[in-house]
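Per TrEMBL, these features apply:
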- 34-58: transmembrane segment (TRANSMEM)
- 70-88: transmembrane segment (TRANSMEM)
- 108-126: transmembrane segment (TRANSMEM)
- 135-155: transmembrane segment (TRANSMEM)
- 219-237: transmembrane segment (TRANSMEM)
- 258-284: transmembrane segment (TRANSMEM)
- 304-323: transmembrane segment (TRANSMEM)
- 335-356: transmembrane segment (TRANSMEM)
- 368-391: transmembrane segment (TRANSMEM)
- 470-488: transmembrane segment (TRANSMEM)
Amino acid sequence: GWNFFKKDTEGGHGTDGSLPVTLPTRFGKPCSDILLLLVLYVLQGIPLGLAGSVPLILQSKSASYTDQAFFSFVFWPFSLKLLWAPLVDAVYLRGFGRRKSWLVPTQYILGLFMIYMSTQVDMLLGDGKGRGPDVVALTVTFFLFEFLAATQDIAVDGWALTMLSRENVGYASTCNSVGQTAGYFLGNVLFLALESASFCNKYLRFQPQPQGIVTLSDFLFFWGAVFLITTTLVALLKKENKELTPTKEETKGITDTYRLLFSIIKMPAVLTFCLLILTAKVGFSAADAVTGLKLVEEGVPKEHLALLAVPMVPLQIILPLIISKYTAGPQPLNTFYKAMPFRLLLGLEFAFLVWWTPKVKHEGGFPVYYYVVVLLSYALHQISLYSMYVAIMAFNAKVSDPLIGGTYMTLLNTVSNLGGNWPSTVALWLVDPLTVKECAGAREQTCGTTVAAELCTKAGGSCVTTLDGYYVESVICVILGFGWWFLLGPKFKKLQDEGQTSWKCKRTN
């Protein structure tokens, strides 16, 4: 919700994490290839962006945090795609092309599925007249969307390596991050702005109307059609380069790849890394997962929150370039370690921000200085987030065994992404149980459960929140985070001193 560009939930961008600087020399084929890749990555960002906007819509329809936690499983497939990536790499129709065999069907299914969903989605979101959103159906739907988009991602990543020539292959990572960010923007920010009646009336219309310019069903229908058209064009027009000889790093088959993954995980250094990175992000979970939804609950318009992502785009382009100067040396994890306490303290600042929000609200919404403070907080958060993200990527690239480059690095990136997913889901799940409510106006009643709350209202009372679970959680997270930083942080930094041999895979042939 809060980290709009789900940078932590997307598998490693590109192969080496470096950003290329030179431009393709002759315009023509390389450029059309790069453009095609860009389009494919943009398409993949659309379902990601739409899924990111649903929690904000649910929140404005006052869904519970338990519902939100359930929906947050939607963001898992991108972190788990390693589980079926070997299958996508190994199984294909030779005549049709190794990557197109997966790309074309997944995009067709996505397109048709989006068009079908455009007829159902208004019903699933609830009509506001007593029928609430159907969270289970929405979760299943968007989980499938993300699963298909993640599968498309595996195919495009693989295709990028053979489609681009050796000197242009560095563009793969640029296409990935630029394309995905652009797609996310279209599916999230643009959609929420055009969907909001107040935004459209204020900035885009002369006569106010009760609805926004587009609804979720229009949007799904439009992108579904775009998916079908592009896929047809790719299927008919784009030929795959014949791969001359399978390269060294390609293993002999599916079972080999899974065996390899297993043998990588069993290495003591890798195992330590996995356990540490899976627990490292617990301290940020309340701030990252709940803050945005809390602000919507306090009345901040969801499209304004989404629009705050716009001034962040230049920051998100510049930051990795600056930070990679510091993480380029032999000890990238020092940056991670140094950024951590700042990001933890920002969690407390976010909690303060949520507490402050209702205090500055007035008739017309929120004052400009309020948005300035939110923007600054968000910018500081992005700086600390990127310092940690780039450091981990640099470390993963540094230790990955070049013999099996792709698989190894993807495994490490996958684990670091999962380290951000599970705490977010848990954080959302715990907001409601940690909230203390009392029944004001009726003595004997309590407000612990939904049933109790109904009885309280029947008895003429009303449920008042005496302690918001979000604040409890924010404090617990910061304590846990600093605990990790003091006790396990030094252990984590020590991983950099391990020799290259600790990370080399012992091939059993």
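Using the three backbone atoms N, Cα and C, a Cβ is placed for every residue, glycine included.
Where the annotation comes from TrEMBL, it is an automatic prediction and has not been curated.
Nonlocal intrachain contacts for the transmembrane segment (304-323), taken as residues 6+ away from its ends with a CB within less than 8 angstroms of a stretch CB, comprise 4-5, 7, 19, 53, 56, 181, 185, 188-189, 192-193, 292, 295-296, 335, 366, 371, 374-375, 378-379, 382-383, 386-387, 390-391. When the stretches 70-88, 108-126, 219-237, 335-356, 470-488 are ranked by Cβ pairs under 8 Å to the transmembrane segment (135-155), first place goes to 70-88. Counted over residue pairs separated by six or more positions, the transmembrane segment (335-356) shares at least 3 Cβ pairs under 8 angstroms with the transmembrane segment (470-488), which defines the two as touching. Contacts between the transmembrane segment (34-58) and the transmembrane segment (219-237): present, as 3 or more C-beta pairs lie under 8 angstroms, all at sequence separation of six or more. The stretch from 108-126, 219-237, 258-284, 368-391 that makes the most Cβ contacts under 8 Å with the transmembrane segment (470-488) is 258-284. Within the chain, the transmembrane segment (368-391) has long-range Cβ neighbours (under 8 A, six or more residues past its boundaries) at 2-3, 7-8, 17, 287, 295, 300, 304, 308, 311-312, 315-316, 319-320, 323-324, 327, 332-336, 338-340, 342-343, 346, 349-350, 353, 357, 360. Within the chain, the transmembrane segment (108-126) has long-range Cβ neighbours (under 8 A, six or more residues past its boundaries) at 47, 57, 61, 132-134, 137-138, 141, 144-145, 148-149, 152, 215-221, 223-228, 231.
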